[in-house]
């Protein structure tokens, strides 16, 4: 438990202290956000706000994770694990793709960075590497970081994918989650605040899996998850980094996370869902991100078939802005929705445990 607190605290401190440094540095370099002309008129005032703040989130994540392990040496805590390093690597790789996207936008002074093909190739390389490695590194109880079974709260024994389909599934999750978080990052603090809530829920889930792991506590309801405590450190560091960044990203934002942050955080959600065996549960806990992405899919599909729009603008947080809601009202209410989704997900997680032990 101490390591989890250290991870969150270090990440928060690094993120909250580094972000204003980045604001000044990026402002001097002219690394400002370009705003879509077709977006809400109120957003035009945000043009030039420093972007690529995801660098601070990644720095906080790395500092929190490795710092907690360095402190853990003092009381013989377990070191870094395959699962933790894989999620950290996937997160960083997606952050690298996002950084390139942001940098191109800034250099060309437009709101379009990497083309769709280049971005998809970057996501593909990261996801395939993650998927292949996730089936290696067998640990106690012959567990690997990933599983060829589809999972809800734990593996569903009757649904087996096979290694090739599993790797393809990893790409689907990485692409879906990274793009979902990217689409959500359209209002000040919306993505960072929502991610803090989701990762906070996953701190609870991974710590519970650690306390009830089949490796150390075999019995009814135990969890076959490799390295749950190390995954808890990743979640805690991620949550701390997001909260620290949110201090400066809250409305009116002094800096945006950019694709550097949003793609990285989406990659983290994908990696955590796979390594914790909660791929379907993540859809519930991350329901806000799912809804934002779904609103875009619905808008495009309906418009192409009927030339009519379901929403005034997609993603649908802009729909409410154009309906007259203040930006801060949309943000706070969406945070509440993210909190409700996280609470429902935790309730489902615990109710499954009670059912498993016959409670």
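Yeah, the Cβs are placed from backbone N, Cα and C, and that goes for glycine too.
According to Swiss-Prot, the feature transmembrane segment maps to 3-23 (among others).
If one looks beyond the transmembrane segment (53-73) by at least 6 residues along the same chain, the residues whose Cβ comes under 8 Å of a Cβ in the stretch are 2-4, 6-15, 18-19, 22-23, 79-80, 84, 88, 91-92, 95, 98-99, 102, 192, 233-234, 236-238, 240-242, 244-245, 248-249, 255-265. Per Swiss-Prot, transmembrane segment is recorded for 53-73 (among others), and the stated evidence type is sequence analysis.
Annotation comment: Swiss-Prot describes 84-104 (among others) as transmembrane segment, evidence class sequence analysis.
Look at Swiss-Prot and you will find 117-137 (among others) tagged as transmembrane segment.
What Swiss-Prot records for 156-176 (among others) is transmembrane segment, and it gives sequence analysis as the kind of evidence.
Among residues of the same chain six or more beyond the transmembrane segment (187-207), those with a C-beta under 8 A of the stretch's C-beta atoms are 1, 4, 8, 57, 181, 225, 228-229, 231-232, 235-236, 238-239, 242-243, 245-246, 249-253, 257, 261-262, 265, 268-269, 272, 276, 278, 285-286, 288-289, 317, 321, 327, 330-331, 334-335, 338-339, 342-343, 345-346, 349. If you look up Swiss-Prot, you'll see 187-207 (among others) marked as transmembrane segment, on the strength of sequence analysis.
According to Swiss-Prot, the transmembrane segment annotation covers 231-251 (among others), on the basis of sequence analysis.
Within the chain, the transmembrane segment (255-275) has long-range Cβ neighbours (under 8 A, six or more residues past its boundaries) at 19, 22-23, 26, 33, 49-55, 57-58, 83, 86-87, 90-95, 97-99, 101-102, 113, 123, 126-127, 130, 134, 145-147, 151, 170, 173-174, 176-182, 184-185, 191-192, 195, 198-199, 202, 225-227, 231, 234-235, 238, 242, 245, 248-249, 281-282, 286, 289. Taken from Swiss-Prot, the feature transmembrane segment applies to 255-275 (among others).
For 283-303 (among others), the entry in Swiss-Prot reads transmembrane segment.
Per Swiss-Prot, the feature transmembrane segment maps to 330-350 (among others); the stated evidence is sequence analysis.
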Stretch-level contact, the transmembrane segment (84-104) and the transmembrane segment (231-251), CB cutoff 8 A, at least 3 pairs: yes
Contact between the transmembrane segment (3-23) and the transmembrane segment (231-251) (at least 3 Cβ pairs under 8 Å, separation 6+): yes
